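Colleague: The structure follows.
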Amino acid sequence: MKVIALLTLCVTLFCQGYSNSLDSCQGRCGYGTDNNFSCQCNTSCERFKDCCSDYAEQCKAGATSCKGRCDEKYNSQNKCHCNSKCSRYNNCCSDYTDICDSDAGGGGSVITDADIKAVSEVLYALDSNKATASELIIDPQALVHDSQTSSQRDLSSRPLFRYVDGTLLSRPTYAAFLAVLDNYHRMTGQVEDFSPQQLSEQETFIKEAMSNTELGRELFAFLYTKGVYASENEFLHDLKMMWFGLYSRYNNKMDSSGFEHIFAGEIKGGKVSGFHNWIQFYRLEKRGQLNYYSHSFNGPWTTFPDVMGMQFKWDGYFKQVGSAVIGCSPEFDFALYSLCYITRPGKQCRLSLGGKELIIQTYTWDKTTYGNGKKFIASAFPSTP
């Protein structure tokens, strides 16, 4: 599957960086206030009168393509539509047939379930940064039935993570990932306002995970050959927007993103929301901020990565089932969720890891968009029985 020319292309294109015009909303819709730009592209700009001149066209009702919008819910503000009913009402976007009349997940040639399973096996084999049995030791303890997951009973007297080798977490992708985890307010309703340093940390993580690993380059090569992206620059920028672009989960505040929800975790309505990452679990458990109660699922894998569904409290806030891939590298987690979201947005995505099936459930954020009507990631997680 690897193509030498593609790797050369990747290096060349990455050097172009993430370039945006300072006075345009192209590729910036919904992103948090950034003083490095001369104008802004989120809902707050309407209140503060500092929107870019193309804000309405780019961010509100200007979507004229179905790329990234297949099967989206009807929105009367959109100029054209990309769901199964648009043909009946004669209001499909002009590229609906080319992009959505297949199960391709967003453009180019059809991406079949077999394609996804095949590339997930390749990514699994390429995860050279995953934990080994000597670098990570877990202590699952109490296994509960699905009917008991809401009981909020602490059935495990010891932490889940018995030992994690510190040198594992100092590797470049782990270090870059940890740097981003510290940048969020966990309570929904609190505005996320990033400093230039924090924005730089987001880009560093994407670079380390996707451009500086063979695993990340393989994911791009797959999506490139399927026609989903025309260049690595487009791929990296889209990852940045779908994962780090901000939207509002509560009270019209720009308080959330796919990355925060899935990897860092949030508190909403008095309970834990999201939180599907083993590294965040470990660091909070080590600090005494997280109390592991039990698990309701432990996957069939006998080496890392494994998959678990866990019950726990985070500073007193309960999570009934927090599923996560355990012991994988940050780039593997990021790549699997990205693969599934890009190819199966809002659906179940069937992967194969070492010959064993893993189902990832993805959800799209349907209230706001970025770019030409593309949707942010709302959630993605292992679907455990």
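Each residue, glycine too, has its Cβ placed from N, Cα and C.
The annotation active site is assigned in Swiss-Prot to HIS261, HIS276, LYS319 on the grounds of sequence analysis. Here Swiss-Prot flags CYS25-CYS29, CYS29-CYS59, CYS39-CYS52, CYS39-CYS41, CYS45-CYS51, CYS52-CYS59, CYS66-CYS82, CYS66-CYS70, CYS80-CYS82, CYS80-CYS93, CYS86-CYS92, CYS93-CYS100 (among others) as disulfide bond. The annotation domain 'EndoU' is assigned in Swiss-Prot to 112-385. Positions annotated as signal peptide by Swiss-Prot: 1-21.
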Colleague: Other Cβ atoms within 10 Å is the metric here; tell me which of the disulfide-bonded residues CYS39, CYS52, CYS66 scores highest.
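Modeller: Top count of Cβ atoms within 10 Å goes to CYS66.
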Colleague: Using DSSP and collapsing to three states, where does CYS100 (disulfide bond) fall: helix, strand or coil?
Modeller: helix
Colleague: Check the DSSP secondary structure of LYS319 (active site), expressed as helix, strand or coil.
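Modeller: DSSP assigns LYS319 (active site) to strand.
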Colleague: CYS39 (disulfide bond) to HIS261 (active site): how many Å between their Cα atoms?
Modeller: 27
Colleague: Quick one: which of these recorded positions, CYS66, CYS86, CYS92, CYS93, CYS100, HIS276, have their CA within 10 A of CYS80 (disulfide bond)?
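Modeller: Final answer, ordered: CYS66, CYS86, CYS92, CYS93.
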Colleague: Per 10 Å Cβ neighbour count, which of the disulfide-bonded residues CYS45, CYS80, CYS92 ranks highest?
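Modeller: Most Cβ neighbours within 10 Å: CYS92.
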Colleague: By CA distance, which of the recorded positions (CYS52, CYS86, CYS93, CYS100, HIS276) lies nearest to CYS41 (disulfide bond)?
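Modeller: Of the recorded positions CYS52, CYS86, CYS93, CYS100, HIS276, CYS52 has its Cα closest to that of CYS41 (disulfide bond).
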Colleague: Distance check, please: Cα of CYS45 (disulfide bond) against Cα of HIS261 (active site), rounded to an integer number of angstrom.
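Modeller: On Cα coordinates alone, these residues lie 24 Å apart.
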Colleague: Tell me which of the active-site residues HIS261, HIS276, LYS319 ends up closest to CYS86 (disulfide bond) in space, Cα to Cα.
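Modeller: Going through HIS261, HIS276, LYS319 one by one, the closest to CYS86 (disulfide bond) is HIS261.
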Colleague: To the nearest whole angstrom, what is the C-alpha distance linking CYS82 (disulfide bond) and CYS100 (disulfide bond)?
Modeller: 7
Colleague: Please report the DSSP secondary structure of CYS51 (disulfide bond), reduced to three states.
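Modeller: Strand, per DSSP.
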